[in-house]
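Undergrad: Sharing a structure, written as structure tokens. Questions coming.
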């Protein structure tokens, strides 16, 4: 049976960095492994049910060869269950393994839905309130008082750090009520003061942490999104942080995701957000990684032919280990931190001094802490902080030391 992989994305984000890089990597891997590949935009697909059987058309073409695995990149804040999710459900019902699955995407479309899924699993979360009804923001001004002030206010479908506010007091909340748009509900969330202006973005592929990046605001604002002028730096993550990110990923059922963590003074973490359509332009640059290539390798590993091969290899290894008397030897691989992502003129976590005079000044902006890293056209030079004495290199060094203690 011929192996087939599809890449499906939304026309609105098809020309952005993550989609372009995943398309490149998938094409390369499929050519190397003799896998049939097809690239489609969501609005090109026509769903059919004929003679009681599910089918697909692309334009006037009746599709007869379906993929075993399909990578999906949709702008999660704008996902519509009556259109986008319907297409993905159709493919899933036809036996296609989706990365990510429809339910995993839905779990991250709305920030409160994400917390609903995580609640009850022992995941540390900031106390959060929301509301039903179309426009009950004003009523929540009184209802959310137990959270204290200042309080974080977020649009449930916000993205890229937008529609996020820090309300100083009740009067400030009343002012916000007149300014915000009410298409989606808002969250009222406990303010984690210790993590103001910084968070840790953890990227996972196939349920495994592939890297982590410390993000810091450069202008004193609460959000640390690189798309808003924040800067990112590769940083090692404690075992507790890794385990928490993996736990969140598994609960939400995601294959590829970004988990944003806030850190308290005692070194513990709380979950800020989860991103099913994680962007990785700044992550690639900060960590010296090719996330798209890692995603492509994972996707091809899901093909039935690969899974069968893995089972055969496991069988051989198992029988060999039972008959062999030789002890297994694990050879540790050398950990290399690229010099271009080290902290300039400071001490790296591994104890070496970085020679680069100002690596952080070359960092590009990344997308969002929230769902999708849409609209890379907004990326630009990092704004200069309001305080001229603000030293981002010193801040990053101290934060990385805190994270690894």
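Glycine residues also receive a Cβ, built from the backbone N, Cα and C atoms like all the rest.
According to Swiss-Prot:
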- 154, 189, 190, 191, 192, 193, 194, 195, 196, 197, 198, 199, 215: ATP binding site (BINDING)
- 260, 273: Mg(2+) 1 binding site (BINDING)
- 273, 275: Mn(2+) 2 binding site (BINDING)
- 273, 275: Mg(2+) 2 binding site (BINDING)
- 360-371: compositional bias 'Low complexity' (COMPBIAS)
- 115-300: domain 'ATP-grasp' (DOMAIN)
- 359-387: region 'Disordered' (REGION)
Undergrad: Going by a 10 angstroms cut-off between Cβ atoms, which of the binding-site residues 154, 198 has the sparsest surroundings?
TA: 198
Undergrad: Could you round the CA separation between residue 260 (Mg(2+) 1 binding site) and residue 196 (ATP binding site) to a whole angstrom and send it over?
TA: 13
Undergrad: Return the average pLDDT for the domain 'ATP-grasp' (115-300) as a whole number.
TA: 87
Undergrad: For residue 196 (ATP binding site), just give me the three-state DSSP call.
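TA: Looking at the DSSP assignment, residue 196 (ATP binding site) belongs to neither helix nor strand, so coil.
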Undergrad: Using C-alpha positions only, work out which of the binding-site residues 154, 198, 215 is nearest to residue 273 (Mg(2+) 1 binding site).
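TA: For residue 273 (Mg(2+) 1 binding site), the closest Cα among 154, 198, 215 is found at 154.
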Undergrad: Taking the Cβ of residue 260 (Mg(2+) 1 binding site) as the centre, count every other Cβ atom within 10 Å, in any protein chain shown.
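TA: I count 22 other Cβ atoms within 10 Å of it.
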Undergrad: Tell me whether residue 190 (ATP binding site) sits in a helix, a strand or coil according to DSSP.
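TA: Assignment for residue 190 (ATP binding site) reads strand.
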Undergrad: Could you check the binding-site residues 190, 194 and say which one's CB has the fewest neighbouring CB atoms inside 10 Å?
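TA: Minimum Cβ neighbour count within 10 Å, taken over the binding-site residues 190, 194, occurs at 194.
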Undergrad: I'm trying to understand the geometry here, so how far is the Cα atom of residue 190 (ATP binding site) from the Cα atom of residue 275 (Mn(2+) 2 binding site), in Å to the nearest whole number?
TA: 20
Undergrad: Could you tell me which of these binding-site residues, 196, 215, has the fewest other Cβ atoms within 10 Å of its Cβ?
TA: 196
Undergrad: Would you kindly give the Cα-Cα distance separating residue 275 (Mn(2+) 2 binding site) and residue 194 (ATP binding site), rounded to the nearest Å?
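TA: Cα of residue 194 (ATP binding site) to Cα of residue 275 (Mn(2+) 2 binding site) measures 23 Å after rounding.
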Undergrad: Which residue, out of the binding-site residues 192, 273, 275, shows the minimum number of other Cβ atoms inside 10 Å of its Cβ in this structure?
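TA: Counting other Cβ atoms within 10 Å of each of the binding-site residues 192, 273, 275, the minimum falls on 192.
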Undergrad: Please report the Cα separation of residue 275 (Mn(2+) 2 binding site) and residue 154 (ATP binding site) in Å, rounded to an integer.
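TA: With distance taken Cα to Cα, residue 154 (ATP binding site) is 15 Å from residue 275 (Mn(2+) 2 binding site).
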Undergrad: Grab the ATP binding residues from the record (154, 189, 190, 191, 192, 193, 194, 195, 196, 197, 198, 199, 215) and give me their largest CA-CA distance in Å.
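TA: This binding site's residues have a maximal Cα-Cα distance of 20 Å.
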